[in-house]
Amino acid sequence: MAVPGVGLLTRLHLCAQRRTRVQRPILRLLSCPGTVAEDLRRDEQPSGSVETGFEDKIPRKRFSEMQNERREQAQRTVLIRCPEKISEKKFLKYLSQHGPINNHFFYESFGLYAVVEFCRKESVGSLQNGTRTPSMAMETAIPFRSRFLSLKLKNQTSEQSCIQSSDQLPPSNRKLFEITLLCRKYDQLNTLLKEFQLTEENTKLRYLTCSLIEDIAAAYFPDCVVRPFGSSVNTFGKLGCDLDMFLDLDETRNLSTHKTSGNFLTEFQVKNVPSERIATQKILSVIGECLDHFGPGCVGVQKILNARCPLVRFSHQASGFQCDLTTNNRIALTSSELLYIYGTLDSRVRALVFGIRCWARAHSLTSSIPGAWITNFSLTMMVIFFLQRRSPPILPTLDSLKTLADAEDKCIIEGNNCTFVRDLNRIKPSGNTETLELLLKEFFEYFGNFAFNKNSINIRQGREQNKPDSSPLYIQNPFETSLNISKNVSQSQLQKFVDLAQESAWVLQQKDTDRLSVSNNQPWGLAAILLPTVPNRRSFTKKKRKRSANESVRNLLESLKSNRTANFTETNEKRTVSTQT
C-alpha cells in the first residue's frame, strides 16, 4: 500500500494555514545565558521519560496559587522595545541601576523586545521615574505612564549584538513530521507535546500582557485584576494560541464587606443600570475605547458587545497575541481551573490531547474560523471522557472531584454548582499503566464506534447518557449542564470525524506499521495518521461500509424469504389437515 510522502502533508498544512483568521507576527525567542530557555535546552529529558515539559518539574500547586504567583511576577516585569543592534551586557548594566534583575529574555515580534523581571516591584517605579514621554516632530504623543517602554541609543554607533535567536512559534509541519518519524516507539506523542506546548518564556509574556492591560483598566477600577484563562493557563495551550483575559471586578465590589464599628455605614455613590449584562457592556465599551485610544501596542480593537458573552477583541502588537477581554465570565475561569487539574493529574493526559488536536487539525476537522467544525475544547472533553472510561480510570469524574471538596471549595456561579476539590494532592493517582500508544489507538476505536445518534458525553458522571435533543454531537457543559458545548457541529462534520477515527484505528492496528524502516522515511504510528487520507484506505472504508450494508439487506431478504416459505408450508399443512378431517 503506497503512502504519500512528506510533500503532500506539507501542502495540506500550508493550505490550512492560509485559512487562519489572524496574520500573526514572527515571534522568535532570543536565548540568553542564565535564562530559563537556556536551562531548559540544557536539561533535555531522556527519550523514554514520561515527564514532559516544565510544568511537570514544578510542584503541583493549586490553580489560584499559580495564578497569584504569576501575577505578582508580572507586576515586577517591564516590556522594552530595543534597538536592532544592542549589547546585552550594557543593556543589563543600565537597567541594574534601578535594582537587581531576576530574569530576562529577548524575542522578536515586529522588532526586538526584551522582557525584564526585577527582583523588587520598586525597581519598576524607579525605571518609570527616569523615563520620559517622547517628543514628536509631526504628531502629538498622548502621555501615558505604563510598563511598556522603548529604549534608544543616545549616539548612533551600532552595537554588536551577541544574542542568538531560536524559534518561539510551533515547528513547521514538515519538521514535525520528520521529528515524529525519527522518534522511538513510545516517544512520538511526548515529542509532539514538547514541540507545541507553551514555553516558560511564552507563559511569562502572556501574564505580562494581562498585567499591562490591567494597568489601563485600573484607571477606572483601581482594584481590578485581569486574569488569563483558557488555553493560556489550563495546561493545554500551544504556542501561537489566542490570549483570553477576564476582567475581575470582585475586589472592587467586595471592598466594603468588612465589618465597621459604630452606627454608621458608608457606601460609594454609583450609577445604576437595569441588568448585569448592561453593566458588562458599558464597562467593556469604556475599556475598549481606552485600549483603542491610549493602550500602547493595542491595535485592531473591536467591541463585540451583543454576543452571548460580550467581549473586546484586539491584537497586542508587541507580544504578537490576539486577545479577547471579557468580564462577568467567571464560569470560563472555573472551567480553566478544572482542565488545569485534569492536565496536571497524569502526564499522559496532555500528550494525548495534543496528539488528538494535531491529528484533527491535519485532517481539517478543526478550524480557527467559527463554523460547524469540532472545537479544540470539545476534543479535550472527549479525551477526558475517554480516559474516565478506562479500566481502571485514568481521570476521575467531576462528581467524584465534588465529593472530595471541602467548605473552602464550595462555589456557586449564577446558580450553577461549580464545586470541586482544588487541592491536587487530595486526589488519588490512577493505577492505570496503559501506554500512550495504546491509548491513542483505543481513543480512535472508542469514538469510531460510539453511538453518537443516541448517546451524549458527560464528564460529570463519566458515562454515556441518552441525548436530550437531536444535535449530531452532544457534549454536556460540565457546569452549565443544560448547555451543549458542541451544538455547532453538523452531521457531516461528525461523520467525517467518525470516518477518520475508524481509518486511523485501522492504520494503527496494522502489524507492519511499527516495523517500517525509519531509514526509508516511511511513516509509522502518529506520523502515519497525520498524513492526508489515502484514497486506497478511504475507498477501503467506503467499500467496507457498503459491503456491511449490502450484507444487512441480503440477510433481511433471506429472512423474509425464509419466513414466507415457512408461512406457506404451515398454511399448506393446515389445509391438508382440514381436508383429511
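Each Cβ is built from the backbone N, Cα and C atoms, and glycine gets one as well.
Whatever TrEMBL says is automated annotation, not expert-curated.
Feature list (source: TrEMBL):
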DOMAIN    63-131  domain 'RL'
DOMAIN    187-343  domain 'Poly(A) RNA polymerase mitochondrial-like central palm'
DOMAIN    439-482  domain 'PAP-associated'
REGION    560-581  region 'Disordered'
COMPBIAS  560-570  compositional bias 'Polar residues'
COMPBIAS  571-581  compositional bias 'Basic and acidic residues'
Per the Cβ filter (under 8 Å) with a sequence gap of at least 6 from its ends, the domain 'PAP-associated' (439-482) is approached by 189, 331, 334-335, 338, 348, 352, 355-356, 374, 378, 381-390, 393-394, 396-399, 413, 416-418, 489-491, 493-494, 497-498, 501-502, 504-505, 508-509, 526
Please list, for the domain 'RL' (63-131), how many residues fall into helix, strand and coil according to DSSP. 32 helix, 21 strand, 16 coil
What does DSSP give as the helix, strand and coil breakdown of the domain 'PAP-associated' (439-482)? 10 helix, 7 strand, 27 coil
